[in-house]
Amino acid sequence: MQLILISGLAGSGKSIALNVLEDSGYSCIDNLPLTLVPDTVERLAPLGYEQLAISIDTRDGASRLLEVIHALETAGHNVRFLFLEARTDTLIRRFSETRRRHPLSRTALTIPEAIARERQLLQAIAGLGHRIDTSDLSPNQLRRYLRDVIAQAPGRMLVVIQSFGFKHGVPLDADFVFDVRCLPNPYYDPALRPFTGRDAPIINFLTAEPLVQAMADELSGLALRWIPVFRHDNRNYLTFAIGCTGGQHRSVYLAETLAARLRETGETVLLRHRELDR
């Protein structure tokens, strides 16, 4: 069985994720306690369920998640785990807009306190799967991103390469963060400013800069050196985030370059430009 487990912070988009999976042909179960997952899967497998997505409640059993995933994999199921999160200010705004109560606010906590408490409870499992920071994603952007994620072949490690602008904050879901603000900046050339790192004028400018090419070589070398190590550690996802000031030129160019080089070696790569996708 192809099995996708979904967890994360309240308000981070778990319901949207489940809807995307349902539209993609998965049978879906919402808000199932973690302790019931193994028995539920074993009961459904003989009935012909080939693709199952479960949004799990892990606040009371986070410490057992790795054990549950291992047991499911031992039973022959292909398991992927998605963890959705967002910045606190984003979550507060979403709860304000929807006028929903945070699940932990019933314990007399304010919304910021409830978010902080839930983040603490789930901290141990955030790194066990594919972390997805939804802070800067609209519902439609999140749907597109998730469709790209689930389209990847199960059983292979997915390398996510993301460009971003430091002025908009560092992505929460990055395993590696590279600061390339030290490189020559085409922004200061008025003729180049309107373009992005995917456009020929910027590509030509940055390709001609020795420091930029040295950075591209170093990033590629580091990625190629360490991806096999993470794969050997049974990681399903690995995220590289490359940041410049605004996320328009240098980081986009280097993310495109790194993605192309990794694809040439046979890696499964998902490329995302956070600021261009806004």
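Cβ coordinates come from backbone N, Cα and C, glycine included.
Lifted from Swiss-Prot, the feature list:
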BINDING   G8, L9, A10, G11, S12, G13, K14, S15  ATP binding site
BINDING   D57, T58, R59, D60  GTP binding site
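Taking a C-beta cut-off of under 8 Å and a sequence gap of six or more, G8 (ATP binding site) has these contacts in its own chain: K14, L82, F83, L84, E85, L122, I132. Close to R59 (GTP binding site) in the fold, though at least 6 residues off in sequence, lie P103, L104, E118, L121, L122, each with a CB less than 8 Å from its CB. DSSP gives D57 (GTP binding site) a strand state. Taking the Cβ of K14 (ATP binding site) as centre and 10 Å as the limit, one finds 21 other Cβ atoms among all the protein chains shown. In this view, S15 (ATP binding site) is surrounded by 14 other Cβ atoms within 10 Å of its Cβ, with every protein chain counted. D57 (GTP binding site) counts 16 other C-beta atoms within 10 Å of its own C-beta, drawing on all protein chains shown.
Under DSSP, K14 (ATP binding site) is assigned to a helix (H, G or I) in the three-state scheme. G8 (ATP binding site) carries a strand DSSP state (E or B). The two recorded residues, T58 (GTP binding site) and S15 (ATP binding site), show a Cα separation of 15 Å. Taking a C-beta cut-off of under 8 angstroms and a sequence separation of 6 or more, G11 (ATP binding site) has the following same-chain neighbours: A86, L91, R94, F95, R100, H102, I115. The 10 Å shell around the Cβ of S12 (ATP binding site) contains 26 further Cβ atoms across the protein chains shown. Neighbours of T58 (GTP binding site), defined as other CB atoms within 10 A of its CB across all chains, total 21. The separation of D57 (GTP binding site) from A10 (ATP binding site), Cα to Cα, is 10 Å.
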